[in-house]
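One structure is given below, encoded as structure tokens.
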Amino acid sequence: MMQLLQLLLGLLGPGGYLFLLGDCQEVTTLTVKYQVSEEVPSGTVIGKLSQELGREERRRQAGAAFQVLQLPQALPIQVDSEEGLLSTGRRLDREQLCRQWDPCLVSFDVLATGDLALIHVEIQVLDINDHQPRFPKGEQELEISESASLRTRIPLDRALDPDTGPNTLHTYTLSPSEHFALDVIVGPDETKHAELIVVKELDREIHSFFDLVLTAYDNGNPPKSGTSLVKVNVLDSNDNSPAFAESSLALEIQEDAAPGTLLIKLTATDPDQGPNGEVEFFLSKHMPPEVLDTFSIDAKTGQVILRRPLDYEKNPAYEVDVQARDLGPNPIPAHCKVLIKVLDVNDNIPSIHVTWASQPSLVSEALPKDSFIALVMADDLDSGHNGLVHCWLSQELGHFRLKRTNGNTYMLLTNATLDREQWPKYTLTLLAQDQGLQPLSAKKQLSIQISDINDNAPVFEKSRYEVSTRENNLPSLHLITIKAHDADLGINGKVSYRIQDSPVAHLVAIDSNTGEVTAQRSLNYEEMAGFEFQVIAEDSGQPMLASSVSVWVSLLDANDNAPEVVQPVLSDGKASLSVLVNASTGHLLVPIETPNGLGPAGTDTPPLATHSSRPFLLTTIVARDADSGANGEPLYSIRSGNEAHLFILNPHTGQLFVNVTNASSLIGSEWELEIVVEDQGSPPLQTRALLRVMFVTSVDHLRDSARKPGALSMSMLTVICLAVLLGIFGLILALFMSICRTEKKDNRAYNCREAESTYRQQPKRPQKHIQKADIHLVPVLRGQAGEPCEVGQSHKDVDKEAMMEAGWDPCLQAPFHLTPTLYRTLRNQGNQGAPAESREVLQDTVNLLFNHPRQRNASRENLNLPEPQPATGQPRSRPLKVAGSPTGRLAGDQGSEEAPQRPPASSATLRRQRHLNGKVSPEKESGPRQILRSLVRLSVAAFAERNPVEELTVDSPPVQQISQLLSLLHQGQFQPKPNHRGNKYLAKPGGSRSAIPDTDGPSARAGGQTDPEQEEGPLDPEEDLSVKQLLEEELSSLLDPSTGLALDRLSAPDPAWMARLSLPLTTNYRDNVISPDAAATEEPRTFQTFGKAEAPELSPTGTRLASTFVSEMSSLLEMLLEQRSSMPVEAASEALRRLSVCGRTLSLDLATSAASGMKVQGDPGGKTGTEGKSRGSSSSSRCL
């Protein structure tokens, strides 16, 4: 912007240069804008005008000055005359400068005499949050009847905030109240006021008044607020209150309305009779005093009357709050808002102010057109069109004009070059008129004196010069002479010439004194047909005046370019053309052009089209000529080679025809034609070309094309590419199918090492090696009829036989978990209020169920199988722990030593033996069967205790719940199923292929290998029994001693039941693998020892799985018994007595058979023994 301003200050254009010789100057207008916050300290710098104009150093040297043409008196701004420094002279208050306008803009003009610029300065005064919202009164008093309906609205005083923008009034809040709420209403003029709303019925007897705090907030940073106390007095109820026809009204009034003018008549009705129905009107006392002084209302008629004249410039709008109330006691006033908008009236005459750029009325004739003379400001206090002023000049010659800059400000400019010799003085009339309906105008006389100066610039004889010359001229050729005249005298009239810089300025030159223009070099029409340049004429005056003119030079073409053949393509001035002839018919076919002059080109066979018409078009010769007009129009002719007149050449189009119908006789012949292309210039230029035409048959052409190597056609390339792509796709598809088939085949068998390799390739899991020790063999857990406890063991040692002879039965070593709560419940029920006979029977039953000589039992966290220990003598009894601890240790003599434990010699898997009779003798009943019967007894006892009045049935919910856990005891096989993330052992149906090798005693193969034919043997169909059938047989066998318990008929394992086990899990997945009858070993197990190392001896009794199921049953019974711990024990004693009799009948009374190994001593109430104490057969045994 500054550079453009400087350029404009240096040049005027076609009229000449700007200059400053007198008091008046030509000025370029410039608008600058500044911002300043209000309340800044005095002397704050706002801006610097010299920086806006640039070239400060030059201005200092030239003594530049800044002159304020107009400065509003209300704006305390100081302008430095040397550098144009703008600063505040005193305190700035935006509310005083622009009370009702936002943004607040204050403008004035400054003339920079040394820079030839008129600067229009606009200063925006920014508002700061220096005022807080204020209410007209700090306390408002309202009256409302207690019978006021809900949603009744009461207007409140409006807060005033003189700030603008975000600093002005933003919202209202009301102190918490359950009877009143606040609603903020935004008016048409964006004003905000609050209304009090009744949200809960009022009761004067409860609350006769309310004190509420109304707070008004602005949106400044930080926000400011103002408060007002609102006192609401609750009056006795009045049946009805007046009602306005409309709650809010808006009207307009001219500002020139006379006092006493009726503005509006309000009406309100009250349905009451008498004084309660008479309505009177009054203005709200909460309105500003200015409103109360300007308007009044008749109390009886409701007429709103103007009291004093209005002035739109002071207040353009008023808001009047009118209330109406009846004359009854405790009236409820009704409210109506009346918005009065004042319409501006053209009642102000424009005023004219003239500020001269220099000393008054003296203007130099040196000023060019559009030079600044003075600043004219027209002002009108009206608004809108009434305040828009239009100014114009009344003059005879029209040498001056007015130009609007902004608003009502004009510049007086020169409209022509002034000439003192002709008009030494001008008298102008300045008129100003507003744009109102009834416009008002003003006028002012201006007298201007003209001073003499060098005011004439050189003037050319023509406004534009044109000249023509032929190309290929000689250097220094005279083109034209330019003439300019200057009306000034002396050196001011001496003119010099020069050519303005341009891209073509180097082609010509001009004599600075005579104006003769010459060519500097030879010109070429083909490069440019013409060019234009500017010639500037300057006088010698001070300042120098100049003018310019445009000169156009057009070139005439000369025939200096010969035609050039572009088709067919020539090689060394030669081209060949092969014409195909059908040997049988003699018809001509489509010819083939050869640009190399050696014969047919290309290997593609062209599409053949027979032409039997006469003459036949062979080709079209095309030539180009760079010249224009007749110099560029070629003519074609055959100079030689066409003596037989076989060929015809069109001289204008260049089409070559063969004049023959049957071309059979021409096969094998060659013709050389000399073609001449000549333009029509003077003198003409020509080009020669040799065209060889050969007539060949189509068969010979195809044979020749096949012999010669060439590029494949596009169609052939496409076919080859498609074939290659299809072949590649077929190979990829075959390879993919082969890989998929191989993977499918490999997935049919499990390979430990492949699983380990696959597991190692898992990217998201830490690699874990699968070793032989991670795969455990799970034997079949089933008690078979007629099968002793030593089935599946290949070796018997002498120590075990000695223990059997001493009365130790390994079948009884199965660990049985009894929770403390269940033990205490059974014992306490036998001692609380039961007769001696019942206690004796209960004690016998307890002995029968729990007092078995047992190995130290493993907890749920450590499920290790017990090892048998030989009985070295008669064990001595050892007292049990007290009643609070159900578990105790049975120990022998102090000198007895614990028998050493050693693992069995074989690791053969147990295999269930089938029996034909399907019966089990009570004398040879195995350990799991006795455990099962003990569980049934506990189940029946718990059921009888919980439901003593109900009858025992198979379909009872508790029995069904217990039967589900009992069925788990019969669940059979488990097999390892390796997973890439660890081994997950799932139950496998009995009819499926077993992953555990079966062995038949000593015939088991070494390393756990078995015969494949034995792996897929089906089980007995009798095994497919439901849980309900199994439970019915067990209960019937228990209550009927003559019937045995068919334990060999097992149900198929169900993985759903396996999922119900709440086995304790550890972080090491290897500890969670169930391996019944497998003794703990410290020997390392790897893949190298897989199937070779000897496994510990397996035992069909006392398995860890059975112990876990018994623990589950114990927990179930504990929950059942705890729910009815206060139940009388008569029913339980009777049930236990029956169970004891059935047990003795079935030879299950283990208390007698184990008398040699353990004795229970009870001395309730001071008898022979102490309750809860017992003696075991080994120091490592545990009594549950």
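Using N, Cα and C of the backbone, Cβ positions are placed for all residues, glycine too.
Taken from Swiss-Prot, the feature domain 'Cadherin 1' applies to 28-135, supported by sequence analysis. Summarising the annotation, Swiss-Prot assigns domain 'Cadherin 2' to 136-244. According to Swiss-Prot, the domain 'Cadherin 3' annotation covers 245-352, on the basis of sequence analysis. The domain 'Cadherin 4' annotation in Swiss-Prot covers 355-460 and is backed by sequence analysis. According to Swiss-Prot, the feature N-linked glycosylation site maps to ASN415, ASN582, ASN659, ASN662, an assignment based on sequence analysis. Residues annotated as domain 'Cadherin 5' in Swiss-Prot: 461-565. What Swiss-Prot records for 600-711 is domain 'Cadherin 6', and it gives sequence analysis as the kind of evidence. According to Swiss-Prot, the transmembrane segment annotation covers 719-739. Per Swiss-Prot, region 'Disordered' is recorded for 854-928, 973-1023, 1153-1184. Taken from Swiss-Prot, the feature phosphoserine covers SER859, SER1062. Feature annotation from Swiss-Prot assigns compositional bias 'Low complexity' to 1175-1184.
Annotated features taken from Swiss-Prot, shown on the structure.
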| residue | record | DSSP class |
| --- | --- | --- |
| ASN415 | N-linked glycosylation site | coil |
| ASN582 | N-linked glycosylation site | coil |
| ASN659 | N-linked glycosylation site | coil |
Note: in the chain of ASN415 (N-linked glycosylation site), residues six or more apart in sequence with C-beta under 8 angstroms of its C-beta are LYS369, ASP370, GLY398, HIS399, PHE400, ARG401
When the domain 'Cadherin 1' (28-135) is classified with DSSP, how many of its residues are helical, how many are strand and how many are coil?
-> 16 helix, 46 strand, 46 coil
Of ASN582, ASN659, ASN662, which of the glycosylation sites has the most Cβ neighbours inside 10 Å?
-> ASN582
Cα separation, ASN582 (N-linked glycosylation site) to ASN662 (N-linked glycosylation site) (Å, whole number) | 9
DSSP residue counts for the domain 'Cadherin 4' (355-460), split into helix, strand and coil = 4 helix, 55 strand, 47 coil
Between ASN659 (N-linked glycosylation site) and ASN582 (N-linked glycosylation site), the C-alpha gap once rounded to whole angstrom | 16
For the domain 'Cadherin 5' (461-565), what is the mean per-residue pLDDT, to the nearest integer?
-> 88
Within the domain 'Cadherin 5' (461-565), residues counted as helix, strand or coil by DSSP = 7 helix, 46 strand, 52 coil
